[in-house]
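Enquirer: First the structure, which I've put down as C-alpha cells, then a few questions once you've had a look.
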C-alpha cells in the first residue's frame, strides 16, 4: 500500500510552535512514521520554503517528504497560498509521473491540501481521505472579538471537501457533530481516529529529573511553575494565561510562581512583543518567562519542570499539548472547548475551565497550585490516561481506513466533478 499524504501549507519537518507549524505537523509526522513501521509506503507532499530543503527527504524507511516548488520560497502568507494551488498540484502530478510512482490512496490534511487532493483523486482515479484539523465555521463561532474571521471562500472549499471526499477522518466525536451541524456531513462518511502522544519520549520525571529540568530552564527549585506550549496567537489564548497570572499575583503578591510561555509568533498580525508588553503592563514581567519554540526532545524538560500545563485555547480539535503534558505526568488546566474535554479527564487528570476570564482561570490554577496532594494525584492519573492514546493505534486505524477506501467503487470522474459545490 502506498499513500500520498498532502500537507501543503506546512511541512511536518518544521518546528512546531512557530509560524504555521503546530499540532497538525505533529499529527502528520507521527501517523506517517507509524504507518511506515506497519509496512505502508508514505510520501508526504509539502510546499518548499527553502532551496536547501532538497526535493526528496528520506525520513526513515518507507517514509519520504517531497518538497514541491510552488511560488516563491518566502513572502507568501498562508492566506495567499490559494494562488499556488495549481502550481502545487501540478508539481505533485509531475513528480509521480516522472518517477513512475503509483499511489493507492490520497490523504489530505487541512482544506488547502484537500483542494489539491480532490483534483488529484480525479486525475489518478483513487480514493480521497481528508482530515480538516480545523474548520472555518467552528473557528468563527469560537473566535475572539478582535480575531479576524475565517473567510466564506474557505468555508465553501471545506463544504466541497465534505461533499466529495470518500472518507472524512476526525479527531473526536465533537468534530463529527461539528461536521454534521455546520456542513451537513453524512455520519456514514466520518471515522474518528484519536491522536496520541509519543509515550516513549514524553514520560513522567523523577524528582531528580524535575530538578535538572528546572536548572536547565533557570527556574528556582521551590517555585510553582505553570507552562504554556504553543504558537503565540490570539486563538491559543496566551493572553488569558498572562491575565490570570496577574490576578493570582494580585491575590497573593508573595506567591512564588513562574509562568513559562514557550512558542513563536504565528500569523500576519502576530508578534511576541504583544505578549511581552501585556506582561509588562500588568506588572508580571518578572513572573512570566518567554522561551522560543523547542523540538520535542527539549519540550520534555518543560513539561517535567512544570507543576501545571495550561491550555487556554478558544478551540482545539484535540489538544496534543494537553496529551503530551499528561504523558509527562503533569496535570492540565484547559479550556472546555473542542476536543479538550476528551483529551483531559476533568477532575481526574486536570481541570476544565468554562470561560476565558482571568478570574475563572486564576481560580482553577489556584486550586491546583495550592493543593499539592491533589495536584500530584492528578499527575499520576494523567500518565495512565495518556497511555490510552497512542500514535501506533492511530496508524493501525488509518491503515484499515485506507484499505476500506480502496474497496470503494470510484465513480466516473466527470460525473463526480459535476456535483461540485
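Note that Cβ sites are derived from N, Cα and C of the backbone, with glycine treated the same way.
According to Swiss-Prot, the protein has these features:
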{"type": "BINDING", "residues": "9, 20, 21, 22, 23, 24, 25, 78, 110, 134, 154", "note": "1D-myo-inositol 3-phosphate binding site"}
{"type": "BINDING", "residues": "15, 16, 23, 231, 236, 294, 316, 324", "note": "UDP-N-acetyl-alpha-D-glucosamine binding site"}
{"type": "BINDING", "residues": "303, 304, 306, 330", "note": "Mg(2+) binding site"}
Enquirer: Enumerate same-chain residues with a sequence separation of six or more from residue 304 (Mg(2+) binding site) and a Cβ-Cβ distance below 8 A; give 'none' if the list is empty.
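Expert: For residue 304 (Mg(2+) binding site), the qualifying residues are 204, 205, 209, 210, 213, 328, 329, 330.
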Enquirer: May I ask for the distance between residue 15 (UDP-N-acetyl-alpha-D-glucosamine binding site) and residue 9 (1D-myo-inositol 3-phosphate binding site), taken between their Cα atoms and rounded to an integer number of Å?
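Expert: Rounded to a whole number, the Cα-Cα distance is 14 Å.
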Enquirer: Across the listed UDP-N-acetyl-alpha-D-glucosamine-binding residues, 15, 16, 23, 231, 236, 294, 316, 324, what is the farthest Cα to Cα distance, given in whole Å?
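Expert: Site span for UDP-N-acetyl-alpha-D-glucosamine, by Cα atoms: 20 Å.
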Enquirer: With the 1D-myo-inositol 3-phosphate site defined by the record as 9, 20, 21, 22, 23, 24, 25, 78, 110, 134, 154, how many Å span the farthest pair of C-alpha atoms?
Expert: 20
Enquirer: What's the CA to CA span in angstrom from residue 16 (UDP-N-acetyl-alpha-D-glucosamine binding site) over to residue 306 (Mg(2+) binding site)?
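Expert: Residue 306 (Mg(2+) binding site) has its Cα 19 Å from the Cα of residue 16 (UDP-N-acetyl-alpha-D-glucosamine binding site).
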Enquirer: Measuring Cα to Cα, how many Å separate residue 23 (1D-myo-inositol 3-phosphate binding site) from residue 231 (UDP-N-acetyl-alpha-D-glucosamine binding site)?
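Expert: One finds 10 Å between the Cα atoms of these residues.
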Enquirer: Of 21, 25, 110, 154, 303, 306, which binding-site residues come within 10 Å of residue 324 (UDP-N-acetyl-alpha-D-glucosamine binding site), going by C-alpha to C-alpha distance?
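Expert: The binding-site residues close to residue 324 (UDP-N-acetyl-alpha-D-glucosamine binding site) (Cα within 10 Å), listed in sequence order, are 303.
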Enquirer: Looking only at C-alpha atoms, tell me how far residue 316 (UDP-N-acetyl-alpha-D-glucosamine binding site) is from residue 21 (1D-myo-inositol 3-phosphate binding site), rounded to the nearest Å.
Expert: 15
Enquirer: I need the CA-to-CA distance for residue 110 (1D-myo-inositol 3-phosphate binding site) versus residue 231 (UDP-N-acetyl-alpha-D-glucosamine binding site), whole Å please.
Expert: 18
Enquirer: Among all the protein chains here, how many other CB atoms are within 10 A of the CB of residue 324 (UDP-N-acetyl-alpha-D-glucosamine binding site)?
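Expert: There are 28 such Cβ atoms around residue 324 (UDP-N-acetyl-alpha-D-glucosamine binding site).
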Enquirer: Which of the three DSSP-derived classes (helix, strand, coil) applies to residue 21 (1D-myo-inositol 3-phosphate binding site)?
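Expert: Reduced to three states, the DSSP call for residue 21 (1D-myo-inositol 3-phosphate binding site) is coil.
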Enquirer: Just counting, how many other CB atoms are there within 10 A of the CB of residue 25 (1D-myo-inositol 3-phosphate binding site)?
Expert: 23
